[in-house]
Amino acid sequence: MINKIVKNVIENQFKGYNKLKDLPISLFVYWPYCSKICPYCNFNKYRDSDKVDHERMSKSLSRELESFVKNIYLNSNENSFIRERPITSIYFGGGTPSLAKISTFVETIETMKKLFPSSLSIEDIEITLEVNPDQKDLKNLLKDFKKYVGVNRVSLGVQSLVDKDLHFLGRTHNRIQAEESIKIARDLFDHVTFDLIYSRTIDQTLEQWRNELRYALNLADGNGHVSLYTLTFEQGTSFYRRLSSKGNKFKIIPPDDQKSSDLYDLTVCEAEAMGFQQYEISSFASSHNQKGKHNLNYWRSGDFIGIGPGASSRLTTLNNNNNNNNQISRYSFKNILHPKEWMEKLNSKEILCNAFIEDEFNPTIPLTNFEVAEEMLLNGLRTIEGVQLSTFTFQTNGLTFDQFLNMKQVEILQEQGFLILEPTCLKLTGNGRKLLDTIIPKILKY
């Protein structure tokens, strides 16, 4: 859908900038609280307790969404059509958003419908909720989120189906609870995804992972979605500190590069053999209909509004005036991290912010064409479809691949079997995707 709309805009040579109103927008709602802090997680998270002010959090989320749309999107005349653009996906992430009161997200949904009257009916919007397998009274909780919030897709944080590895990962559920949660979710929803982490330590063998993965995909019964991640050691996490631990008891030794590569190859092979096609480095779906619309919008460099402590946003506008020559402009927004400070800022005064001026609450960063291009490569090359030239040219105001890329390096990487440059797109091969982080710096001209 995005590429078709972008193509139409380009063919019209930017005439009638209101074609942008057809570009989808995703809404990300961040709930920062968790019952336990996982040792590998570097997200903005805080320990859940009875001191969490649910009512204030609820009002703050709605107020921020309202403020973003009214004071940022609608502050400039050229963007006054923004309310006509559809919200196509909503993602309740965290943290652990299922710990929030259902009334909180009901209020968020009602605010969204008021601000975006041209959005699809709530039944047609992909609405995802992240849930932990050991959530109390899971079945009834999911029923209520489905009935009152409109959730139609569930993402389960399974992470492993081996009890000792769940303990290592700091998870609070066990294998039986993980299996039961998948069954409960599948009985209630047509769209269910769950996460697994592999390449955990040097001790994990190919055969162990093969058996676990096959077992997991059998639980999915050939229908749905799975996200299969390698364990990463992010700075600031407990696991990162344990990499350099001097004591054998706490030190973690990750698999070497060759072992990690072999585990990745096995993952892709086994998943596809069981009917799950890879469409992004870590994402596998049993059909096109099961692909995650929300994340696809990220990877295709669509617009998204992030509300909640630490949430990020991206906004694309078309400056319909002589000074800017009807050029595309893209902006980055980043929220305050700490929930208390975030709520205080939101509730202490009217937030006066402008999409083109940095604000003390919600700093706005205008992205250059080259920054947009780099972000498009980092996101788009994660996918099997790659980066479409038409989208790239549209988002960067006319840049082509040869203007932005080191074409000599591109040619070398093509010959080595890591990269494919076609007249209409740039994409990585299977071997190339394993080396994404090292390939990107090589092919950038600047």
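Heads up, the Cβ atoms here are built off N, Cα and C, so glycines get one too.
In Swiss-Prot this protein carries:
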DOMAIN    15-277  domain 'Radical SAM core'
BINDING   Cys34, Cys38, Cys41  [4Fe-4S] cluster binding site
BINDING   Gly94, Glu130  S-adenosyl-L-methionine 1 binding site
BINDING   Gly95, Thr96, Gln159, Arg171, Asp195  S-adenosyl-L-methionine 2 binding site
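Between the CA atoms of Arg171 (S-adenosyl-L-methionine 2 binding site) and Cys38 ([4Fe-4S] cluster binding site) there is a gap of 7 Å, rounded to the nearest whole number. Counting other C-beta atoms within 10 Å of each candidate's C-beta, the binding-site residues Thr96, Gln159 are led by Gln159. In sequence order, Lys36, Ile37, Pro39, Tyr40, Phe43, Lys45, Gly170 are the residues of the same chain, not among Cys34, Cys38, Cys41, whose CB sits within 8 A of the CB centroid for the [4Fe-4S] cluster site.
Over the domain 'Radical SAM core' (15-277) the predicted model carries a mean pLDDT of 91.
Between the alpha carbons (Cα) of Glu130 (S-adenosyl-L-methionine 1 binding site) and Gly95 (S-adenosyl-L-methionine 2 binding site) lies a span of roughly 9 Å. Within 10 Å of the C-beta atom of Cys38 ([4Fe-4S] cluster binding site) sit 18 other C-beta atoms, taking all shown protein chains into account. Neighbour list (Asp195 (S-adenosyl-L-methionine 2 binding site), Cβ cut-off 8 Å, at least 6 residues apart, same chain): Ser155, Leu156, Gly157, Val158, Gln159, Val226, Ser227, Leu228, Tyr229.
Taking Cys34, Cys38, Cys41 as the binding-site residues under consideration, the smallest Cα distance to Thr96 (S-adenosyl-L-methionine 2 binding site) is found for Cys34. One way to see the shell of the S-adenosyl-L-methionine 2 site is to take the Cβ centroid of Gly95, Thr96, Gln159, Arg171, Asp195; the remaining same-chain residues with a Cβ within 8 Å of it are Cys34, Cys38, Cys41, Glu130, Asn132, Gly157. Taking the Cα atom of each, Cys34 ([4Fe-4S] cluster binding site) and Gly94 (S-adenosyl-L-methionine 1 binding site) are about 8 angstrom apart. On a Cα basis, Cys38 ([4Fe-4S] cluster binding site) lies 12 Å away from Gly94 (S-adenosyl-L-methionine 1 binding site).
Glu130 (S-adenosyl-L-methionine 1 binding site) is surrounded by 19 other CB atoms, counting those within 10 A of its CB over all protein chains shown. Cys41 ([4Fe-4S] cluster binding site) sits 10 Å from Gly95 (S-adenosyl-L-methionine 2 binding site), taking the Cα positions as reference. Cβ contacts within 10 Å of Gly95 (S-adenosyl-L-methionine 2 binding site), excluding its own Cβ and spanning all protein chains shown: 24. Gly95 (S-adenosyl-L-methionine 2 binding site) and Cys38 ([4Fe-4S] cluster binding site) have their C-alpha atoms 10 Å apart, to the nearest angstrom.
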